[in-house]
């Protein structure tokens with residue numbers, strides 16, 4: 001996308017420069033004459049529309065200053081356009097021809113050019129040789145091998161200890177907002193036998209109404225060690241588990257947002273420490289009228305959340321990603337040496353040691369394990385995983401599940417939602433607990449047992465349920481025997497059977513026990529929401545941004561290439577234009593050269609930053625929610641990392657352009673040209689970042705940037721000088737940053753010249769200084785103020801980027 005945008009802007013730039021407007025056809029250098037006739041549609045369009053306008057009677061019925069030539073003909077000759085009405089139809093035909101050629105080229109490209117290959121992770125040759133020498137280590141292991149490996153890693157010790165925590169959830173309620181008329185219709189559908197229960201959208205049972213929202217009770221749950229949710233396809237498992245995994249323990253800020261118009265409340269206990277959501281919940285049984293606030297920073301520091309989508313910065317390595325997470329999320333009292341050792345241990349745990357120098361790249365097996373690893377390096381007690389095997393083949397899923405098992409063997413509790421299509425080895429050996437849901441109701445919650453014997457015995461004891469066939473997958477069998485058709489055939493409700501079973505009473509008692517704080521329990525507490533200080537967060541973010549920028553050639557090299565080509569284009573088209581100062585036309589040409597020199601390069605900086613910042617914003621949402629850092633240090637790092645690249649870009653750009661255009665070689669004038677160009681490029685870049693922060697996606701940001709750029713150009717003071725702008729639009733003229741840039745360039749180069757120039761229609765020859773003041777309306781003594789305002793625009797756009805990044809959240813969940 002970056003290359004396409006840059007290439008498009010470059011082509012438009014060349015077509016505009018040789019289009020006959022900035023430079024009349026006769027002033028275009030001979031070596032660019034071919035572009036006027038055979039490359040630029042603008043030349044034909046400008047030619048046709050100018051002939052069409054100047055042929056009108058209001059122009060042809062008036063005489064020019066020589067009192068001989070028609071005014072329309074004189075204007076056409078000024079632009080080196082032949083005063084022939086047939087030129088209009090030639091231009092129309094040429095534009096249609098360009099449209100046809102462009103569409104044919106588009107068709108040809110789609111037909112014969114191969115698709116662009118996606119970026120893949122890079123591994124050094126030495127690592128490949130080592131992996132080939134130990135090929136059996138990376139092949140899929142059999143069930144026996146998995147069992148042996150698990151046995152060897154039971155309760156493995158690590159350099160950083162953690163406090164094991166047990167979570168229990170009671171009375172989970174799901175609130176669905178809806179219009180009152182819809183709510184009334186749904187309530188009319190209550191079950192006649194039990195008017196207090198209404199099955200709603202396969203998610204749960206209505207237990208009450210709160211305003212315009214249904215309150216649905218889902219389940220009482222206990223989380224003990226390795227835990228899995230399984231639900232039938234189409235019965236809401238994905239949405240339900242996605243919401244639950246974000247909600248349970250409130251490990252991220254995402255759970256505080258309304259998800260699909262829903263709200264949640266529950267009684268949540270971690271080792272007996274009572275907590276609640278958003279001041280809404282209190283336990284009427286034991287805490288009558290006592291409201292105990294939930295602390296977001298507490299849950300974020302003791303738990304980790306692995307999303308189903310693997311969101312990582314693609315340009316950093318696996319090792320760098322883990323270091324970034326560890327250095328930001330582990331406590332400050334942990335030394336850097338211990339953090340690096342712990343990262344190494346985690347890589348070994350999730351079997352990424354051979355891939356530590358691999359660039360993360362696109363989603364795949366490496367990123368699945370990396371998603372787990374970046375949470376493990378925070379040393380959490382509880383980990384939530386949303387479908388960690390989604391999108392993987394059997395071999396890759398086996399490796400990921402082995403990683404999950406290794407995590408459990410460290411003593412941590414894992415809460416996992418997963419597709420029901422599990423292999424026998426995975427299902428029987430990987431999990432301890434099972435929550436089986438059907439239409440939002442609990443069918444079974446309890447231990448799996450050795451080789452799933454406990455869940456098998458539970459269902460086989462139900463009258464009419466067929467026995468499990470030997471070598472048949474227990475997960476598949478369990479879903480088949482608890483299906484709707486089986487319920488209809490047997491005349492049984494499996495959720496009712498579970499609620500009347502001894503297992504339900506055991507679970508209820510255990511929830512009650514874990515929910516009651518004992519005298520020795522202490523509330524989980526951390527002084528700050530983030531483990532590291534603002535300065536430490538900034539340093540880590542800056543280092544990661546530098547890695548990403550250094551390894552993103554399609555952003556930086558393309559930007560540098562565009563600036564180089566633009567400088568050469570402008571230099572060859574406006575060759576030594578600075579030496580010509582005889583007339584107002586020469587002065588206008590020089591100002592046009594300065595205008596396009598900052599406009600195109602600046603706008604390209606804005607456009608190229610959009611896809612990069614848009615993708616990184618998605619990563620930012622995940623990392624901020626995980627408690628790695630706050631918005632301010634991230635935004636500061638994003639801005640500051642741009643400065644050296646913009647500085648390099650400005651240096652060679654101004655040197656080439658200043659020399660080829662032959663502006664005056666004085667230290668002061670060159671410094672001002674460099675200074676204004678540098679901050680113009682920088683505020684365009686900051687402006688692009690700000691646009692990303694206030695728009696929902698890259699496409700909307702591109703449209704918004706293009707629209708505002710049109711206003712920038714209209715009110716830049718070049719096309720319409722300030723004295724001719726309508727009064728009701730003057731407010732935008734003063735807040736247009738490009739206007740201050742053009743003003744600064746004109747003042748710094750020509751605001752002190754007392755040389756005279758010829759101006760058509762004037763009886764005397766004014767000085768350049770006077771013409772700049774009277775025609776463009778610039779104050780030639782305001783150069784210092786202009787410089788301050790240009791710097792202020794850069795600071796303003798950067799500050800707005802940080803503020804909007806903090807306040808606005810465009811996640812679609």
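Each residue's number is its place along the chain shown, starting with 1.
The backbone N, Cα and C atoms fix where each Cβ goes, glycine too.
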(message) Labelled transmembrane segment by TrEMBL, one stretch among 370-391, 392-413, 414-435, 436-457. Can you tell me which?
(response) 414-435
(request) Have a look at 88-113, 114-139, 140-165 and point to the one annotated transmembrane segment in TrEMBL. (result) 88-113
(request) Select from 6-24, 25-43 the stretch of residues annotated by TrEMBL as transmembrane segment. (result) 6-24
(request) Choose the correct range: of 500-528, 587-615, which one does TrEMBL annotate as transmembrane segment? Give that range. (result) 587-615
(request) Would you please say which range out of 731-751, 752-772 has the annotation transmembrane segment in TrEMBL? (result) 731-751
(request) From the ranges 529-551, 782-804, pick the one that TrEMBL records as transmembrane segment. (result) 782-804
(message) With Cβ-Cβ distances below 8 Å as the criterion, list the same-chain residues six or more beyond the ends of the transmembrane segment (635-658) that contact it, or say none.
(response) 538, 541-542, 544-546, 549, 556, 559-560, 563-564, 566-568, 570-571, 597, 601, 605, 609, 613, 616, 670, 673-674, 677-678, 681-682, 685-686, 689, 798, 801-802, 805-806
(request) Rank 88-113, 587-615, 700-719, 731-751 by Cβ pairs under 8 Å to the transmembrane segment (670-694) and hand me the top one. (result) 587-615
(request) Count the CB pairs under 8 A between the transmembrane segment (700-719) and each of 88-113, 587-615, 731-751, then give me the winner. (result) 731-751
(message) Give the nonlocal contacts of the transmembrane segment (88-113) in its own chain as ranges (CB under 8 Å, at least six residues past its ends).
(response) 41, 44-45, 47-49, 51-52, 55
(message) Need one number: mean pLDDT over the domain 'ABC transporter' (198-464).
(response) 65
